[in-house]
Structure formats: C-alpha cells, structure tokens
Amino acid sequence: MTAMQHISVWLDVPLRGAFTYLHPQPLPSGQRVRVAFGNRELCGVVDNSVPPQALDEARCKPILAVLDELPPLPEALLQQVRFAARYYLHPQGQALFTALPTALREPRAVTLADRQSYRLNAAGLAAEPSARSTVQRQLWQALQQPQSRDALRRVHPQATAFLRQRLAAAHIDILPWQASPLQVAAALTLNDEQQAALDAVAAKLGRFGAFLLHGITGSGKTEVYLQLIARVLAAGQQALVIIPEINLTPQLIERFAQRFPASHIVCLHSGLSDGERLQGWVDAWQGVADIVIGTRLAVFTPLPRAGLVIVDEEHDGSFKQQDGLRYHARDLAVWRANQAQVPVLLGSATPSLETVANVEAGRYRRLVLSARAHGSARLPRIGLVDTRRLKLVDGLSEPVIAALRQRLERREMSLVFINRRGYSPVLACTACGWTSACKHCSARMVLHLSARQLRCHHCGAQQRVPLQCPACGNPDVQPLGEGTQRLEEALRRLLPEARILRIDRDSTSHKAAWDAVYQRVHAGEVDILLGTQMLAKGHDFGALSLVVVLGSDGALYSADYRASERLFAQLLQVSGRAGRAELAGDVIVQTNWPEHPLYLALMQHDFDGFAASQLQERREAGFPPAASQVILRADAPQYQEAEAFLQQVLALCGELPPPLFVFGPAPALMARLAGRERSQLTFESPQRNALHAWLRALLPQLDALARKAPRQLRWSLDVDPQEI
Ligand code: ADP
Ligand code: ZN
Ligand code: ZN
C-alpha cells in the first residue's frame, strides 16, 4: 500500500496558514479541490510551494474530489495573490478566493462554453444516416464542415444527443478553438504629443516600464491606448485595461469594438452574472480573448501572453477595495506589469499625488497631452464669487442665481455641482481664517456637536468647542462645509420655471436609469443638472454653458487630508464639462476663501502647481505619499469595546522602533456606521518596508489577541488606506 500524499490547500477562511489534506497522488499547484472543513464542504486550491504539515494520517482528512474540468490555476496568479496577501497583511487563502470569479469559489465543478469545433472523420462520413431520419441527415451534413456546438444546435436542437452518440462511436474529430481573424480598423492620425507618447511606451514593449499619460479629458488618451493595443495584438500578445466602474459605459466598449473584432474583447464588471464573468475570465486565461477591459477585480485576470497593462483614470478612488482584501487595483496593476515584464500606462487628467510623487522620484515617466485632440473648444473661464460680504439665500448668492437665470433665458444648460464631501465638520473663523487644527499632530480636529467637543481623528486628542476664535476673538466660529442640504429646494424655489434634473446614486447605479438621464439631457429637456460626485466623472452631457460649484469650501480644511486632492480633481473634471464644442463655458465657484491656493491654481487650470504645493504640505505634515500608513480599525456596538481592544494592541506593540509611529486610538472620521462605533490606530513611517515588516512580525500576536476579544468586536488592517 502506498502512503498517502500530504497536500497543502488554501481555503477561504480567515486563518493565515494553508491546510493539509491527504490524497493518493500528488496534485499540481493551482488545482481546485473539494474538501471537508468543520461541518461544511469548501473549495480549496493546492499550493505545493507551502510545505504541508507533518501530521499523522489519522488526524488528516482526505481530499473529497479533484475539480479538474479546468487546468490548474496559473502560477502567475498564485504569485500575484501571494504578493497581495503579504503586502496587504491579509490571510492568503482569503486573498486567493477574492481573486477568483465567484463560480470558482464554490466546491463544485463549473460548466463552460464549449469553444471547440467538431467535424466528421472518415469513419463518420462512411456511416451515413438513412434517408428517412431527416434530422440525423441534416446534422450529419452540417458536420462535414467544422462546427461549434452552438452552431450545430442552431442547425437542430437535437444536436447535443447526435454529437454525443457520434463522439462515442469515434466518428468525429475535435478541432481546437480557432481565433477569428484579427482585423484592426483604421486609426486616427496622431498629433505630435500622442505620437511621442505612443513611441515612448512602444519602445518598452517586452520590458517593464511605468508611464503616466497626463492629459485633460478629450486630449486623446484613449486613442493612444487603442493604438498601443493594436501593436500589442499584432505581436500576438494580450492587453489588460482597468477602468473605474462608472466609466465602463456602452460608449467606451463601442469605441473598442469599432477598432477590434468584438470576439477578441472581454469585459469584466459587476453587472455580469457569475457564469458570464467566469466565461470571460477563462477566455482571457485560455488566450481566447486578447483584450480584457474591466473594473478593479479584473486586475487578477490571468493572461498567458500579457503584453501591456493600462489603468485609465488612475486617480479614481474606486480602485481601492474597501473591505476584505483591501487592495488597490492600480498598484497591483503596476506590480503585475513588473512581474510580466511589460509596460504599464496610467492615464489621468488629474493624477493621484502618489503617482505624481513616483514621477518626481523617477520611477514613472510622465507623457503629456496638453491640448484637446479634436475641435477648437477653449478651456472654460473659471471665476470665484466671494461670499464673505454677500447675503446668501439658503446658501445661494445673487451672482450665482443671476448667472443661472441668464442661461435659462438663453435656453442653455447649466450644471450645479454640490460638493458633499467634508461632512465631518471642521470649525473655522469667518473673520481671520483660523481652523481647528490639532495641537498634537498635523491633522484637523472635527466638531462633535453632541459632545460639544473637538476631536482629533488621528491622534485622539480632545478639547472643548471654543466659544470664540482662539486667534482673533471673533465670536462667529462656524463649522465648514455645512448647509448644502437645502440647496436643491432653494434652487427650485428661486428658479421655478427651470427644469431641474437631479443625478444621484440611484440614477447611476442602474444602467436603465442612466440611459434615461442621458436621453432627457440630449433631447434638450433639462435646464439645470444638479448633482454631487457622480457628475465629476467623464460623462458627456453635451454643451454645457455654465458650471456652478457649491459647498466646496468644506473640503479645503477637511479633517481628511486627501479632501483637497479629491476636490481639485473633481473641480477640474466638472470644469471640463463647460465649454465643449464651440460654446465658451463659464465656471463659477462660490466660496468664503477666494484667496485659497487651490482656487487660485484652479483658475489657472494649473494642476502641476496645485500638485506641487499639496505634495509640499503632505511632506511637512508627514502624510502619504511622503509616508506610508496602515490603519488598524476596530468596531463594536460600544465605542469603549473597540477602543479597549486597540489599547491592548497598543500595549502589545510596546515602544515602536524608529522611524515607526503609531497614533490613536482615535474615533474614525465616520465614527458611527450601521449601529457600530469605530475606532482606529494609525501606523505611520517614512519607510514602508520597515513598517510592513514590523507589522507582519506582529501578526501572530495580533491574531492571538483578537481571538480573545469579545465576540461582537470586528477588526481589520488597511494598508495604504484611502479613507481615514
Ligand atoms: P481622452 O481619452 O483623453 O478623453 P479621446 O481619445 O477620447 O480622449 O479623444 C477625444 C476625442 O478626440 C475623440 O472624439 C477622439 O476620436 C478624438 N481624437 C483623438 N485623437 C485624435 C487625433 N489624433 N485626431 C483627430 N481626432 C482625435
Ligand atoms: Zn479668527
Ligand atoms: Zn491630533
């Protein structure tokens, strides 16, 4: 009797190690299997790079089934997951199952579309059905040419039975899948900057290189992507294109489909059924598809012939996963490109400060598209309305109302952008500009009205709300960024004849609702478009003659140090909506802080100037990207429980070795969520590797501590957090 093999298997459970199971034969890494775990059956994935535990056979369970309808998962994917789990301090089994399509997470075999074709061989041709069985004859005739299973089913629904019978009789040759011919439609003639960008990336094909393609909306970035992809495909390689969910519109898919045959393109997004997602994923993995366009999760799609990685709108917040494996798709995309030794191109009009810093450090190369590729549209004029000495009606100033009324009379469409970020209010003095900065760290303190307190979310410091400005004595100290709630009502009352269309989360989460919005806008049925963040994305609403920005001040001095970066990106994006085609557009920002550097840079359309000053601020404050952060969050029904756990962690940490720092416990910015109170510890260091290594070493003790914590306590680690 041969001894059973001990085999390491990853499971989707919150434990950091792999599990050991028994099987009569060795199994390859990446093999999916079904195993018993507790009283459940789970899907597992074999990993021979992990030494199995030397357990007694009696204490080990056998593998129940080998799910081998697909080849084993590729080694490159296992490596990517290993990296992600290590970097994001997450259990590797859970990371692996995050990366897989839902259908592959189940302990069941999957069914896939049959991509092969079938043709009668000599024996099959000889075995001619009798003239009376017309269906059989029909199918037999069709099979004299290669036929896919689907095509054959269209000949007659009984095709499946016929095929089974003839396959069993060895009357049929199975032919491998054949790619449809790759015909690429004519491309536009690139302008000089586009050509330079294309050449720079093309020169790196076959090697790693990271590029930022920095150009405003309409500067022709997508055209550069398309032409690069054409080159990659011509070389027999595949391209991966990661984009924000909201940008994965029919228009974009259409542009790709016009250039490349649709059969070569796979789209992976959240609107797909599990089966569709699986099929697209497998098609990419098996090399059936050459172009993968997808959202965040698509960064894990296996590509055997990867040639190029593109991340469009690389600054977009939706690339960061906010639960489970909290990965950043852009960062993993860069890692993947390096792993596969192919170039990666990050596109944006408003790159993230992380990427700008990488350009400055020489790690990424910046390629600039400085003008609109098409048409003569000029940049809009951006003006400020200083509200300090104006009387506001429900938050609206007279110049703003007059401008809206004027467009209404001219039958031109306006857009009102209401910034609702910065809702955790910071106190500010209306006279001297003092804001409630923390005395103990570089963060700003947040007003907690119920407790009549200011609290620092970063270090946890607290103080009473001052009755007057500590700097100048002015008694008019106000929370910033409030008062946007009534704006819509006020607009409807002040401009009763205007047809106002509000765009909110509901109208963008369903495709049908979104289409309805588009239709109304393009049919000229809307005078004023009203909305929040949603409007800042790259949607084409046609000719807008005026963009009004309200409530943006709250982000200037937010407790969230990323608020200004987001605001600037959004304002530049919404401004880009004004003045398309031949219509010169106007942007009006209503503000209490007209001399703020952010607005001054905005008026000049000066992203570089803004980014430089922001980076400088971050460096002085020691915030990312000048430092790395890891947040340890805990939540529980009572704040004390969450905080008590973090106090124990703090005790466990002891003295941190320099240059590592820990702040907190402090309430999270969104201190209460879904009936739970949230507290957090922030670990920081200018040396990322040292910080991560130290935390990695702490994990076993941290896990042990968490096992002793009360049942209702939940905790998580967030590496490179985007939300604080
Ligand atoms: P972005 O991706 O930067 O928003 P696009 O690639 O979508 O820019 O280009 C904006 C518009 O300009 C599109 O209608 C596109 O067809 C057109 N365009 C892009 N490049 C050129 C070019 N070299 N010549 C003419 N038109 C172009
Ligand atoms: Zn003051
Ligand atoms: Zn503080």
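Any Cβ shown, glycine's included, is placed from N, Cα and C.
Summarising the annotation, TrEMBL assigns Zn(2+) 1 binding site to C429, C432, C469, C472. Residues annotated as Zn(2+) 2 binding site in TrEMBL: C438, C441, C456, C459. The domain 'Helicase ATP-binding' feature in TrEMBL is assigned to 202-369.
Straight-line distance linking the Cα atoms of C429 (Zn(2+) 1 binding site) and C438 (Zn(2+) 2 binding site), rounded to a whole number, equals 15 Å. Annotation for C438 (Zn(2+) 2 binding site): spatial neighbours R444, M445, C456, H458, C459, A461, criterion Cβ-Cβ under 8 Å with sequence separation of six or more. According to DSSP, C441 (Zn(2+) 2 binding site) sits in a coil region rather than a helix or strand. Taking the centroid of the Cβ atoms of C429, C432, C469, C472 as the Zn(2+) 1 site, the other same-chain residues with Cβ within 8 Å of it are T430, A431, G433, W434, P470, A471, G473, N474, V477. Counting every protein chain shown, the number of other Cβ atoms lying within 10 Å of the Cβ of C459 (Zn(2+) 2 binding site) is 20.
By neighbour count, meaning other C-beta atoms within 10 Å, the densest spot among the binding-site residues C429, C432 is C429. C472 (Zn(2+) 1 binding site) and C441 (Zn(2+) 2 binding site) have their C-alpha atoms 22 Å apart, to the nearest angstrom. Residues near C441 (Zn(2+) 2 binding site) in space but far in sequence (CB under 8 A, at least 6 apart, same chain), listed by position: C456, H458, C459, A461, F663. The Cβ neighbour count for C456 (Zn(2+) 2 binding site), using a 10 Å radius and every protein chain shown, is 25. Other residues of the chain with a Cβ within 8 Å of the Cβ centroid of C438, C441, C456, C459, the Zn(2+) 2 site, are K439, H440, S442, A443, M445, H457, H458, G460, A461, F663, A666.
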